[in-house]
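*Asks:* I am attaching a structure below and will ask some questions about it afterwards.
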Amino acid sequence: MEKLTNVQAQQEEEEEEGPLSVTKLIGGSITAKDIKLLQQASLHTVESVANATKKQLMAIPGLGGGKVEQIITEANKLVPLGFLSARTFYQMRADVVQLSTGSKELDKLLGGGIETGSITEIFGEFRCGKTQLCHTLAVTCQLPISQKGGEGKCMYIDTENTFRPERLAAIAQRYKLNESEVLDNVAFTRAHNSDQQTKLIQMAAGMLFESRYALLIVDSAMALYRSDYIGRGELAARQNHLGLFLRMLQRLADEFGVAVVITNQVTASLDGAPGMFDAKKPIGGHIMAHSSTTRLYLRKGKGETRICKIYDSPCLPESEAMFAILPDGIGDARES
């Protein structure tokens, strides 16, 4: 009995370190039925409830105005709103995990790797290495933190039918990982339209709470929007839907500390931006630009080599690095 109590105490301690289960709101007039309604609305943590607007909670079928007020009050008690010093936040940032890209030069450019708890957008033309980088990250995120991994699973949403599990197996061999275990640790799904894409992100919230995931990939985030919303007449509707989708991704990154990686396509820039020698820009407009924490621009080099440029980042300087697409994933470019 004492051993069981110790196990329960350890589980509770581990739970306190991560997001709080929405079941902690049960008490008083808040019942298990109310909690189920919140979970059906993809609100699995107290943090997600505390960060939701009153309007969003009122829209949940079965929850009345009085009950919503009580839920908000209890959630704010567990997750109080307030300020912290920049020094405290600086210390918290020191613990942020970064995932290796497979290339030492690319990791150096990124200050260590792909940052967890934020959205990284990777854009470029076809065959520039976006999907190959995603496949490599799907494996490296499973490595121990001491080996520049995230010690977690990967969630992979494919919208263009480019996911290949055999590619993961080859990359797993490179890192001397068990192929079957690596494949088991990647939750894969296909999205065929933008509504499905959003629905899958809602489903992801529950999966992230139930198990340890280090990485969420959407390859590509914009492809389905380009086919579902055609012409200027649907542009406003597309951007509104896209904004909702990206806010959901940011919420998952904030709550679960997962690295969110999305790929994007480019289009010709009619005004010549970003430069007179490379008149291409990522699609998605200002909504995509402001939602992505870090934006990486990939372009082709000679042979298997590719070039990555820091297009936008809150802390990284504008710079470039060369990497290569190798049989066993992304790696450093070989000297010719």
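Cβ atoms are placed via backbone N, Cα and C, with glycine included.
Pulled from Swiss-Prot, these are the listed features:
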BINDING   G124, E125, F126, R127, C128, G129, K130, T131  ATP binding site
COMPBIAS  1-10  compositional bias 'Polar residues'
REGION    1-20  region 'Disordered'
*Asks:* Measure the Cβ-based neighbour count of C128 (ATP binding site), defined as the other Cβ atoms within 10 Å of its Cβ.
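*Replies:* Counting Cβ neighbours of C128 (ATP binding site) within 10 Å gives 22.
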*Asks:* Report, as a single number, how many Cβ atoms besides its own are within 10 Å of the Cβ of K130 (ATP binding site).
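*Replies:* Excluding its own Cβ, K130 (ATP binding site) sees 23 Cβ atoms within 10 Å.
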*Asks:* Show, in sequence order, which residues other than G124, E125, F126, R127, C128, G129, K130, T131 on the same chain lie with their Cβ within 8 Å of the centre of the Cβ atoms of the ATP site.
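*Replies:* These residues sit around the ATP site: Q132, L298, K300, R306.
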